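Q: Below: one structure in structure tokens.
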Amino acid sequence: MPPPVLALVSGQALPAFLLCSTLLVIKMYVVAVITGQVRLRKKAFANPEDALRHGGLQYCRSDQDVDRCLRAHRNDMETIYPFLFLGFVYSFLGPDPFIAQMHFLVFFLGRMVHTVAYLGKLRAPTRSLAYTVAQLPCASMALQIVWEAACHL
């Protein structure tokens with residue numbers, strides 16, 4: 001049996017990217033579950049059929065806490081999806097493994113802090129700092145991808 005693909009690229013950037021990106025996708029699922037739990041606890045449903053199932057049409061309403069969860073999830077989609085593309089392509093540029101791991105780790109930790117700050121209603125500027133820190137490795141990877149692509153035109 002041939003060795004697993006990840007064994008062939010160990011010591012390179014791809015395994016670190018796969019770990020961080022998978023953990024981030026799991027985090028997004030957790031935020032979605034939290035959103036559902038907050039909806040149930042606050043009895044604030046987006047659809048009439050859900051409200052009817054849980055007590056009546058009066059529960060088809062918005063709620064500040066549900067909206068906060070939705071904004072956190074939307075922000076995840078706005079930042080994590082681009083990271084998935086950038087990190088994947090960047091992994092194949094042959095970056096220094098340690099530097100690549102730091103890019104992925106900084107993004108991962110920034111997004112974790114951002115989510116905790118958003119859902120936990122932490123004081124400003126915690127959330128915006130976490131957002132900014134997480135965007136730095138994305139900008140770095142994007143610039144390196146553009147540079148490499150331009151050099152090979």
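Keep in mind that glycine also has a Cβ here, set from the backbone N, Cα and C atoms.
As listed in Swiss-Prot for this protein:
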- R39, R74, N75, D76, M77, E78, H114, Y118, R127, S128, L129, A130, Y131: glutathione binding site (BINDING)
- D50: site 'Essential for protaglandin-E synthase activity' (SITE)
- R127: site 'Essential for protaglandin-E synthase activity' (SITE)
- 1-13: topological domain 'Lumenal' (TOPO_DOM)
- 43-61: topological domain 'Cytoplasmic' (TOPO_DOM)
- 92-96: topological domain 'Lumenal' (TOPO_DOM)
- 121-124: topological domain 'Cytoplasmic' (TOPO_DOM)
- 14-42: transmembrane segment (TRANSMEM)
- 62-91: transmembrane segment (TRANSMEM)
- 97-120: transmembrane segment (TRANSMEM)
- 125-153: transmembrane segment (TRANSMEM)
Q: For the binding-site residues listed here (R39, H114, R127), tell me which residue's CB has the most neighbouring CB atoms inside 10 Å.
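A: Neighbour-count leader: H114.
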Q: Give residue numbers and ranges for long-range contacts of the topological domain 'Lumenal' (92-96): same chain, 6 or more residues beyond its ends, CB-CB under 8 A.
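A: Distant Cβ neighbours of the topological domain 'Lumenal' (92-96) are 12-14, 103, 144-145, 148.
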Q: Hey, which bits of the same chain come close to the topological domain 'Cytoplasmic' (43-61), Cβ under 8 Å, at least six residues off its ends?
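A: For the topological domain 'Cytoplasmic' (43-61), the list is empty: none.
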Q: Could you list the residues of the same chain, at least six apart in sequence, whose Cβ is under 8 A from the Cβ of M77 (glutathione binding site)?
A: M28
Q: Could you tell me what the rest of the chain brings near the topological domain 'Cytoplasmic' (121-124), counting residues at least six beyond its ends with Cβ under 8 Å?
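A: Long-range Cβ neighbours of the topological domain 'Cytoplasmic' (121-124): 68.
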Q: Round to the nearest Å and give the CA-to-CA distance linking H114 (glutathione binding site) with D50 (site 'Essential for protaglandin-E synthase activity').
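A: Cα to Cα, H114 (glutathione binding site) and D50 (site 'Essential for protaglandin-E synthase activity') are separated by 30 Å.
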Q: List the helix, strand and coil residue totals of the topological domain 'Cytoplasmic' (121-124) as derived from DSSP.
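A: Once the DSSP states are binned, the topological domain 'Cytoplasmic' (121-124) shows 0 helix, 0 strand, 4 coil.
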